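*Asks:* So Swiss-Prot says this about it:
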type	residues	note
BINDING	His118	chlorophyll a ChlzD1 binding site
BINDING	Tyr126	pheophytin a binding site
BINDING	Asp170, Glu189, His332, Glu333, Asp342, Ala344	[CaMn4O5] cluster binding site
BINDING	His198	chlorophyll a PD1 binding site
BINDING	His215, Ser264, Phe265	quinone binding site
BINDING	His215, His272	Fe cation binding site
MOD_RES	Thr2	N-acetylthreonine
MOD_RES	Thr2	phosphothreonine
SITE	Tyr161	site 'Tyrosine radical intermediate'
SITE	His190	site 'Stabilizes free radical intermediate'
TRANSMEM	29-46	transmembrane segment
TRANSMEM	118-133	transmembrane segment
TRANSMEM	142-156	transmembrane segment
TRANSMEM	197-218	transmembrane segment
TRANSMEM	274-288	transmembrane segment
Amino acid sequence: MTAIIERRESANFWSRFCDWITSTENRLYIGWFGVLMIPTLLTATSVFIIAFIAAPPVDIDGIREPVSGSLLYGNNIISGAIIPTSAAIGLHFYPIWEAASVDEWLYNGGPYELIVLHFLLGVACYMGREWELSFRLGMRPWIAVAYSAPVAAATAVFLIYPIGQGSFSDGMPLGISGTFNFMIVFQAEHNILMHPFHMLGVAGVFGGSLFSAMHGSLVTSSLIRETTENQSANAGYKFGQEEETYNIVAAHGYFGRLIFQYASFNNSRSLHFFLAAWPVAGIWFTALGISTMAFNLNGFNFNQSVVDSQGRVINTWADIINRANLGMEVMHERNAHNFPLDLAAVESISIGG
């Protein structure tokens, strides 16, 4: 009898827990994805803050030349970063208990791998939580689909690229200057500016900014005034009102005359789908581009593609970019190897008699 009562109480507790986790009445929705999201993001955030402030220098290139990244070791907010895990570790899973000591773990950049893996798991669960809440509220699933673009981008630079290059030391450092360093080195080694998927990403981000500004300014300029001239037009809106808050016909007419008729949407739903889909598709392509360049399927190479009748090279902008790439490659990891890979791969020229 006692065992039956205990089982019933246990079942009731589990049932109440499930109801609380999946309740849409909570101030913040938790959800089953949230059960995993909360501890992983808290872990990533906590370790990031501690390491950004106090982590000792990291031997990123595996050549016994540690690089300082934390505030207490001479950096500021701009130059500081979480230094990627050492090339000596490569792609090995490197939790604290795999190192001989905490000092060794810190020296080899263990915090970077810990932060990145927890962060990626956390943001993936955040995306799942968006879908879960949409499902419980009877909404369509496109919020999570849109969020998949930045999730894909983060996964590309923090996980796919290191896998393709063979080491977490090639991942993007977690800091402002570190991000710029990653971008410069990426251009030097992969010529990303000449990759069509990066071009699509630029069109997506800049185009999305343009379309967002156009839409916002058109709506703001065609509000249906519900207030006097002495009051803000924004005060005329009541949350949850059924009436349209702006005149889409007026906005359509204005924009159609400004450019041409069919450049303007006459369907609000199609318009907002376009506003969401354009930047999302662009960022998807960029993430795909990073993921292909991770395995050295690089940007277009038009070097020395124009020659005169005598076979002499006529430089184009592609050759100027190539010269800049070589310069950037020479500067980075200057003590890890004698020559950048492009120069080292060239066959030696015989100078004998």
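Using the three backbone atoms N, Cα and C, a Cβ is placed for every residue, glycine included.
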*Asks:* What other residues of the same chain, not counting His215, Ser264, Phe265, have a CB atom within 8 A of the CB centroid of the quinone site?
*Replies:* Met214, Leu218, Ala251, His252, Phe255, Leu271
*Asks:* Where among the recorded positions Tyr161, Phe265 do you find the Cβ with the fewest other Cβ atoms within 10 Å?
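*Replies:* Taking Tyr161, Phe265 as the recorded positions, the minimal 10 Å Cβ count falls on Phe265.
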*Asks:* Roughly how many Å lie between the Cα atoms of Glu189 ([CaMn4O5] cluster binding site) and Tyr161 (site 'Tyrosine radical intermediate'), rounded to a whole value?
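*Replies:* That separation, Cα to Cα, works out to 12 Å.
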*Asks:* With CB pairs under 8 Å as the measure, which of the listed stretches 29-46, 118-133, 274-288 comes out on top against the transmembrane segment (197-218)?
*Replies:* 274-288
*Asks:* Considering only the recorded stretches 29-46, 142-156, 274-288, state which has the highest number of Cβ pairs under 8 Å to the transmembrane segment (118-133).
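*Replies:* When the Cβ pairs under 8 Å are tallied, 29-46 comes out ahead.
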*Asks:* Which of the recorded positions Tyr161, Asp170, His198, His272, Glu333 has its Cα nearest to the Cα of Ser264 (quinone binding site)?
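*Replies:* So, of the listed recorded positions, the one sitting closest to Ser264 (quinone binding site) is His272.
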*Asks:* Tell me the Cα distance separating His215 (quinone binding site) from His272 (Fe cation binding site), rounded to the nearest angstrom.
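*Replies:* Their Cα atoms are separated by 9 Å.
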*Asks:* Near Tyr161 (site 'Tyrosine radical intermediate'), meaning Cα within 10 Å, which of His118, Asp170, Glu333 (binding-site residues)?
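*Replies:* So far as Cα distances go, the binding-site residues lying within 10 Å of Tyr161 (site 'Tyrosine radical intermediate') are Asp170.
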*Asks:* Look up His332 ([CaMn4O5] cluster binding site) in the DSSP assignment and report helix, strand or coil.
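*Replies:* His332 ([CaMn4O5] cluster binding site) sits in coil per DSSP, no helix or strand.
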*Asks:* What residues, ordered by sequence, lie under 8 A Cβ-to-Cβ from His190 (site 'Stabilizes free radical intermediate') and sit at least six positions away in the same chain?
*Replies:* Met293, Asn296, Asn298, Gly299
